[in-house]
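Features as listed in TrEMBL:
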| type | residues | note |
| --- | --- | --- |
| TRANSMEM | 31-52 | transmembrane segment |
| TRANSMEM | 77-102 | transmembrane segment |
| TRANSMEM | 132-154 | transmembrane segment |
| TRANSMEM | 169-189 | transmembrane segment |
| DOMAIN | 178-300 | domain 'Fatty acid hydroxylase' |
Amino acid sequence: PKMPGQDTAARAYSCCFSQGKKLSHALRISAYVFSTGLLMFTALVNSVSWFMQNITLGNFWQTAWLEFYDHMEGDEWTIFLIGAALVPALAFWGFNGILLVADITGKPTFITRYRIQLGKNDPVDTKKLWKAIYTVLGNQFFISFPMLVPMFYIMKWWDNTFSKELPTFQWFLVELSIFTVVEEILFYYSHRLVHHPVLYKHIHKKHHEWTAPIGVVSIYAHPIEHIISNTLPVMTGPMIMGSHIVSISAWFSIALVTTSISHCGYHLPLLPSPEFHDFHHLKFNQCYGVLGVLDFLHGTDKMFRQSKAFERHKVLLGLTPLSESIPDPPKKDE
């Protein structure tokens with residue numbers, strides 16, 4: 001005869017055994033997926049690095065750099081201004097010029113369909129826009145460009161910035177990773193600093209005049225904020241690393257275009273998601289960083305993670321706007 005409670009113990013044992021098998025199976029699958037993904041990622045990086053180094057960077061770009069260097073007769077100051085100021089400025093205004101056409105005219109409609117905050121800036125207030133453009137130009141000419149002077153001498157001290165040999169593509173990827181981490185740390189904490197009530201009122205409030213931002217207002221800011229939050233976080237990485245001017249030029253251009261995407265107000269196909277920073281402009285006290293890593297660690301993205309914006313915070317691979325496929329819940333009064 002069965003002892004009292006034997007069936008219960010057997011069921012408990014069976015349940016635990018089943019749960020253990022499920023856990024073990026899940027761990028094996030996770031390990032397989034992780035290891036396979038890691039191998040594929042490593043292979044991809046190595047393949048792209050080999051291609052860029054031996055086919056593109058190793059030939060075309062190296063030759064182009066030497067021809068440019070000789071054309072400039074080794075004038076390092078002029079080379080630095082072109083690489084660190086002119087090229088990034090062209091990238092910024094070229095990208096934002098396209099977006100401004102859509103902001104002002106509402107055309108082409110295939111772009112305006114992807115607006116994040118529906119009904120906002122449709123079309124943009126031109127008076128407010130011109131004020132932003134004047135401020136951005138002032139920040140560029142009277143703050144960003146003069147800050148390149150001390151940077152130039154720091155880079156000269158490293159004695160690598162104007163080398164005739166370009167860095168390898170692999171090393172540029174390493175630098176890019178370090179630049180990104182440095183920017184994330186400096187921008188997150190400086191951004192939270194200017195959100196302090198005392199500083200916000202006198203400094204950061206200017207940037208938040210745009211609760212529904214557009215690309216060009218990415219550097220629409222008080223001069224002090226432009227120095228400590230916009231410019232220094234981007235400049236510091238290359239100064240620490242003693243980077244080549246080509247790396248600096250590429251990084252500055254990438255930083256300006258990506259911050260423009262973050263502010264552009266459109267969630268366009270194949271581009272990085274701007275939902276994170278757009279949510280910051282909408283709610284003010286959420287999503288302070290660039291990558292979102294420090295926001296997660298400090299808990300300053302909790303509201304964002306509970307929102308529809310978080311569900312839409314991904315690269316759009318199709319043509320259907322995420323505002324349509326993942327719409328906001330209807331308002332209570334509707």
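In case you wondered, yes, glycine gets a Cβ from its N, Cα and C as well.
Below 8 angstroms of C-beta separation, residues 68-69, 108, 111-112, 129, 140, 144-145, 148, 151-152, 155, 161-162, 214-216, 245-246, 248-249, 252-253, 255-257, 260, 264, 266 of the same chain, each at least six residues beyond the ends of the transmembrane segment (77-102), sit close to that stretch. Counted with DSSP, the domain 'Fatty acid hydroxylase' (178-300) comes out as 87 helix, 1 strand, 35 coil.
Here the domain 'Fatty acid hydroxylase' (178-300) has a mean pLDDT of 96 out of 100.
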